[in-house]
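Peer 1: Here it is, the structure in full.
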Amino acid sequence: MKYNLNQLFKNYKINGLSTNSQTVKENEVFFALKGQNVDGNDFINDALNNGAVLVITENKKNTVIDKVIYVEDVYEALYEAIEIFYPKKPKNLISVTGTNGKSSVVSYIAQTYFLLRKKAAFIGTIGLEIFGCNNIINDVPSLTTLDYLNFRKIAHNLAEDSIEYLAFEASSHGLEQGRLGKTKVNIVSFTSFSQDHLDYHHTKENYLLAKLKLFTDHLLPSGIAILNSDIEEIEFVKDYLRNNNVKFITVGKKGDVQITKITCSLTGQNIDFIFNNIIYNLHTLIIGSFQASNLLIAALTLYYTGFKFDEIIEALSKVKPVKGRMERIDGTNIFVDYSHTPDALEKALIELQNIKPHGGKLSVIFGCGGDRDKTKRGLMGKIAAKFADNVIITDDNPRFEDPKLIRTEIIRGIGTATYTEIESREEAIKYGINNLKQDDILLIAGKGHENYQIVGDKKLPFDDSEVVRKYLFSMSCTRNQQKHLVSSRTVV
């Protein structure tokens, strides 16, 4: 029997939709989706016990249960229901993909819109952030790319609060798994491409093709793609987009928007570039020459949504660094960065080597995540040994792997170079700080914005930036106490 969902839903008191039997709320409709690892049909009774008013499934065996409705395609039914319950979305949708740089770009985009007096928001690895609205949206899942239902719930709520611009990250996993559903966006961009997630995609070609689904499956015909011209595979990407009739523009040293000079320091950078035959200069507090293309991708995004370029550049110069992205801790020479891929780690280390004071040394603290791409561990060890003066290997998010074995795989890549191995990440950070001398720089890499450490199935509170701040504060207190003791002893 074919159901008219709109008519069917009128017969029930329905408060919302859910695809999770554990979090489904009373009077919500539960859609029993069959995923790669979990089948929602196995949890229909759980959903009903938790208060689901209806269950939609494409498994006929389950329809003997009261309140269970059979449909031929449960995903199509979900999409139809989403249009009924969460039809609204911000007028301008912008999506960003790439191995590294996604979080930075979506943040820069939303910040710049707000600086130009527009309400904007971004969704991604860091979470949801809203500019120009006091409403707080709770229960945002911690995924780079949300599933389609949660994305549309949030987009609907943002539109209800008059948010006009929404920028969001699109991961290769999310694209491959169809989490964007039928989402169509105005602008897409490609920040970078290098090895990552081979545990999932198996080959770099599969990984690249997964990312390109954003451009072929989710960009409106009237939309435009913005590409980093410095991507090694850029010619393949451009040919692929041409063959799929996707309009694009490139940014970079050889881009349509050409970066001609970057001058970096510990306090920011100046970027000279040419756009439409006009020479521009952008001064920013954002550290890292690799951020130049990210900033200009953000600039072009606003340009193609109708803003004047001069106004964009003026506003863009005021954007703030993103937490855990080359984050300089309280004016010290200690940096926290999310660089968890070989390419990102190499770029971060090269950048800091180039801007460190004369005579200073560069130390790096990092580990690798468990149950993730194992092939990058030795590569990252090799990169650290090549570009850092001191290497400290510690734990990242070991998950269900033996952390000692993860560290051993990293150390194999280091070869004959010297290193220090410290299991506890907190102790490794303290060790790195204790061994800093004047003009030295310390990079704490891999976790960035994360405020947890995953050990087994537990998320333990842990924040690199806060560990640094607390330890620096304790050192300051100790020094003050020592000064007080010395001064009190000299009083006659």
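Indices start at 1 and increase along the chain as displayed.
Using N, Cα and C of the backbone, Cβ positions are placed for all residues, glycine too.
Below, the features straight out of Swiss-Prot:
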type	residues	note
BINDING	Gly98, Thr99, Asn100, Gly101, Lys102, Ser103, Ser104	ATP binding site
BINDING	Arg372, Asp396, Asn397, Pro398, Arg399, Gly446, Glu450	meso-2,6-diaminopimelate binding site
MOD_RES	Lys211	N6-carboxylysine
MOTIF	396-399	motif 'Meso-diaminopimelate recognition motif'
Peer 1: On the three-state reduction of DSSP, what should I expect for Arg399 (meso-2,6-diaminopimelate binding site)?
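Peer 2: Going by the DSSP assignment, Arg399 (meso-2,6-diaminopimelate binding site) falls within a strand, counted as strand.
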Peer 1: Can you tell which of Lys211, Arg399 has the most other C-beta atoms within 10 Å, given these are the recorded positions?
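Peer 2: Selected residue: Lys211.
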Peer 1: Can you give me the Cα-Cα distance between Gly101 (ATP binding site) and Gly446 (meso-2,6-diaminopimelate binding site) in Å, rounded to a whole number?
Peer 2: 14
Peer 1: I need the nearest neighbour of Ser103 (ATP binding site) among the binding-site residues Arg372, Asp396, Glu450, using C-alpha distances.
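Peer 2: With Cα distances computed to Ser103 (ATP binding site), the winner among Arg372, Asp396, Glu450 is Glu450.
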Peer 1: By Cβ count within 10 Å, point out the most packed of the binding-site residues listed: Lys102, Arg372.
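Peer 2: That would be Lys102, with the most Cβ atoms nearby.
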Peer 1: Find the shortest Cα-Cα separation between Asn397 (meso-2,6-diaminopimelate binding site) and the binding-site residues Asn100, Lys102, Ser104, and name the residue that gives it.
Peer 2: Asn100
Peer 1: Specify all same-chain residues, apart from the site residues Arg372, Asp396, Asn397, Pro398, Arg399, Gly446, Glu450, whose Cβ lies within 8 angstroms of the center of the Cβ atoms of the meso-2,6-diaminopimelate site, ordered by sequence.
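Peer 2: Everything else in range on the chain: His340, Gly367, Cys368, Gly369, Gly370, Asp395, Lys447, Gln453, Ile454.
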Peer 1: Count the other Cβ atoms sitting within 10 Å of the Cβ of Asn100 (ATP binding site), across every protein chain shown.
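Peer 2: The answer is 23 other Cβ atoms.
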Peer 1: Name, in the order they occur in the sequence, the residues of the same chain whose CB lies under 8 A from the CB of Glu450 (meso-2,6-diaminopimelate binding site) and which sit 6 or more residues away.
Peer 2: Gly324, Tyr338, Asn397, Phe462, Asp463, Asp464
Peer 1: In whole Å, how far is the residue listed as 'N6-carboxylysine' from Asn100 (ATP binding site) when you measure between their Cα atoms?
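Peer 2: With distance taken Cα to Cα, the residue listed as 'N6-carboxylysine' is 12 Å from Asn100 (ATP binding site).
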Peer 1: Check the Cα-Cα distances from Asp396 (meso-2,6-diaminopimelate binding site) to the recorded positions Gly98, Thr99, Lys102, Ser104, Lys211 and tell me which is shortest.
Peer 2: Thr99
